[in-house]
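Asker: Sharing the features that TrEMBL gives for it:
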- B:GLU326: active site, proton acceptor (ACT_SITE)
- B:HIS327: active site, proton acceptor (ACT_SITE)
- B:TYR127, B:GLN189, B:ASN212: NAD(+) binding site (BINDING)
- B:SER237, B:GLN259, B:HIS262, B:HIS327, B:ASP360, B:GLU414, B:HIS419: substrate binding site (BINDING)
- B:GLN259, B:HIS262, B:ASP360, B:HIS419: Zn(2+) binding site (BINDING)
There are 2 protein chains.
Amino acid sequence: MNILDWNALDADGQARALTRPVQAVAEQTRASVAGLITQVREDGDVALRGISARFDGVAPERFEVGESEFAAAELAVPAELRIAMQQAADRIDTYHRAGMARPYAVETAPGVVCEKMIRPIGRVGLYVPAGSAPLPSTALMLGVPARLAGCREVVLCTPPRKDGSADPAVLVAARLTGVHRVYKIGGAQAIAAMAYGTESVPSCDKLFGPGNSYVTEAKQQVAQAGAAAIDMPAGPSEVLVIADAGANPAFVAADLLSQAEHGPDSQVLLLSDDAALIAAVQDEVEAQVAQLAREGIARQALAASLLIKVDSIAQAFAISNRYAPEHLILALREPRRWLEQVEAAGSVFMGDYTPEALGDYCSGTNHVLPTAGAARAYSGVSVASFQNQISVQAASAEGIANIGPCALTLARAEGLGAHANAVALRLGVTP
Amino acid sequence: MNILDWNALDADGQARALTRPVQAVAEQTRASVAGLITQVREDGDVALRGISARFDGVAPERFEVGESEFAAAELAVPAELRIAMQQAADRIDTYHRAGMARPYAVETAPGVVCEKMIRPIGRVGLYVPAGSAPLPSTALMLGVPARLAGCREVVLCTPPRKDGSADPAVLVAARLTGVHRVYKIGGAQAIAAMAYGTESVPSCDKLFGPGNSYVTEAKQQVAQAGAAAIDMPAGPSEVLVIADAGANPAFVAADLLSQAEHGPDSQVLLLSDDAALIAAVQDEVEAQVAQLAREGIARQALAASLLIKVDSIAQAFAISNRYAPEHLILALREPRRWLEQVEAAGSVFMGDYTPEALGDYCSGTNHVLPTAGAARAYSGVSVASFQNQISVQAASAEGIANIGPCALTLARAEGLGAHANAVALRLGVTP
């Protein structure tokens, strides 16, 4: 871990400290993903089968999970895990439901009513990765808001295991949330299948979920081509912790490590105004990392991590807002007092008893969040991510009499004669 | 105009009828835009000056509009237009304000409070085109929600006129809505300047607004590069009208023409279950188009337009949902009864007295809307487009005692030991 004194750095040094390692997509990745997408688009299931055999070592005759596999999954998942998933789903439901947009109507002039209707996006595709481990929690994070939105068709793709089956916990999670169809397809080929459709996979209007660099690149390419919308651009996961002198070094170290174990490219930052706390955290990290099953991964991420000494907690917030972290942990004595300082972040964790892991699994908030600074202009997944908001207006004869002259004046100013004519005809005046 | 009988077409013919002309971005456009972006990114204002001289025929010494030019604009704009802009801004404010997201908090378990905070996106860039005519209405449609969101810095770019000045009506509209800085820069170079920043133009987190194919391509490229988020992908404007036998052919024709005059690539569709109405609309279009100042443009758009005879109004809605039009006009006797059939559209106009022109200017709804079928998964611009929604969670010691075991179970199932450890440490148990 690298310790920096923020105020000893010049502007360039400060900028460098907050620059994420460029996730340069190799030209080869780009081309390879483009090739996979073209194959799936042109040859459908046949292409999927070939690609799956090549990358997953298995070419399922049938991609869609059938009833017998769902039934077997229910038996395979321990009761404790099933109950935990149900509890998590319930809390995700509670939080997301409370924030749902409501339709509204307002009279903007006598006889002119403007409304907003909320409609589910028709067909949505969820991607649940299974790289180093399958992630049933991601199925919950995507499936619950899709169900709340009321999407007509919810499709989920997840990579097959070597024996051609899907991870049972992912299947149970998908069923818990009411996902309609699950397909054993992974990687860029899954994204292509859901964007363009194949004989067995329906094409979807919008695609959601995290994934490796191939999945991410595939999402970008299908979005760019206009084939499907996507939830957000994605990059490696990251956490920024702001800790004061009263923070518990063991807790802070554990939070840094739970980010670091995600992957070698995970971003981990600690900002504190207390040098002793920083030193104590460093010692704790060293002690804890040696105990981890994923020690190797965590050590790689830690090598690029930063512990930054700042002059004040206020300065820490200024730096955090500039960095715009995916996860922001406030290991502070009075976190609520500081909350209003947060301008850009994906999700905020307040105080000593709210580790990021709670939000990852079961506090109720969503764990699909903007990374790589995207939190400056993107928000995490919510029910709104699965809905369209459609504006509606209705003017009566009185209504157009009231606002028509305003429209006429503007249409004339913009030189749009047919616009003026459409209004003038209704008003019975000369355009 | 082309008349089709929907039910006489086979599935392929139906699919073809609803396929928008591919807006293939020529490789040359793509490369040329990429070149402009690189120039602006590397050489800043110097590059802007050179590009502006080449494309706009003028190279302003200073791009930012100063106080004296704003003052001159106030004098140059007729009182009637100023009043109309103010009225439109007020109604846009009323409608958009009523739909603003509110922060909320919910206890998802005893001792676990999850919240949503709303924060303005820090720096936003608005693009107001001035191709065949300057569009002060677009400045209102973007400036009002940016102000309601509370964005810290609102930048607006609009192309310079031949004499180096900006359109006075656009300047007055920008001032009306509280835009902070206006720059006389147009085209792809304006998008590049707002995405990457130059000596005089601040870099922005998100870019908004319509534009020609160069502007659209530039927005896509800077978004793809992660330099700035964008409001939505954009294409030519379009309208779909559903009319019954009782509709007024002159009104319907005027609405089709007010779409057609936007540009030669505008999309215009009429669906009706009444052949007589279709014939009458066709006659009316012919009579009205000859009177238009923009007759040439409208005729080009009409050449690709479709008048489609359907079996029933219900069938018309099924077709409309498949097409997902930017503008949907319901020229029906009981439009409200049909409204629930609308699944995908940008904005809906109900009844005989609500021409699209009202929404374009001053009903209060936004005219920056998804085109080219994007309405299946994108919504029009709203205050939310200028805001981030940040989730916040706070667990007390009691809270983590309640939900921590659930997180532990899930972390173990996903093989994430450091996640489990971060929870276990707080619970005082073995991970």
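Heads up, the Cβ atoms here are built off N, Cα and C, so glycines get one too.
Mind running through what each feature is packed against?
Answerer: According to DSSP, B:GLU326 (active site, proton acceptor) sits in a coil region rather than a helix or strand. Taking a C-beta cut-off of under 8 angstroms and a sequence separation of 6 or more, B:GLU326 (active site, proton acceptor) has the following same-chain neighbours: B:SER237, B:GLU238, B:VAL239, B:ALA345, B:GLY346, B:SER347, B:LEU369, B:PRO370, B:THR371, B:ALA375.
Counting every protein chain shown, the number of other Cβ atoms lying within 10 Å of the Cβ of B:HIS327 (active site, proton acceptor) is 25.
B:ASN212 (NAD(+) binding site) has a Cβ environment of 14 other Cβ atoms inside 10 Å. Under DSSP, B:ASN212 (NAD(+) binding site) is assigned to coil, being neither helix nor strand in the three-state scheme.
In the three-state DSSP reading, B:SER237 (substrate binding site) counts as coil. There are 24 other CB atoms within 10 A of the CB of B:SER237 (substrate binding site), with all protein chains counted.
All chains included, 31 other C-beta atoms sit within 10 angstroms of the C-beta of B:HIS419 (substrate binding site).
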Asker: With CB distance below 8 Å as the criterion, list the recorded positions among B:TYR127, B:ASN212, B:SER237, B:GLU326, B:HIS327 that sit near chain A.
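Answerer: Correct list: none.
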Asker: What residue among the binding-site residues B:ASP360, B:GLU414 has the most other CB atoms lying within 10 A of its CB?
Answerer: B:ASP360
Asker: Can you count the other CB atoms that lie within 10 A of the CB of B:TYR127 (NAD(+) binding site)?
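Answerer: Excluding its own Cβ, the number within 10 Å is 28.
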Asker: Which chain-mates of B:GLN259 (substrate binding site) that are at least 6 residues away have a CB under 8 A from its CB, listed by sequence?
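Answerer: In sequence order, the residues whose Cβ lies under 8 Å from that of B:GLN259 (substrate binding site) (at least 6 apart) are B:SER237, B:GLU238, B:VAL239, B:SER266, B:GLN267, B:VAL268, B:ALA301, B:HIS327, B:GLU356.
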Asker: Checking the spread of the NAD(+) site as listed (B:TYR127, B:GLN189, B:ASN212): what is the longest Cα-Cα distance, in whole Å?
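Answerer: If we measure all Cα pairs in B:TYR127, B:GLN189, B:ASN212, the largest is 12 Å.
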Asker: What is the maximum Cα to Cα distance, in Å and rounded to a whole number, among the residues B:SER237, B:GLN259, B:HIS262, B:HIS327, B:ASP360, B:GLU414, B:HIS419 annotated as binding substrate?
Answerer: 56
Asker: What other residues of the same chain, not counting B:TYR127, B:GLN189, B:ASN212, have a CB atom within 8 A of the CB centroid of the NAD(+) site?
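Answerer: Along the chain, the qualifying residues are B:PRO129, B:CYS157, B:PRO159, B:GLY186, B:GLY187, B:ALA188, B:ALA190, B:ILE191, B:GLY211, B:TYR214, B:VAL215, B:ALA218.
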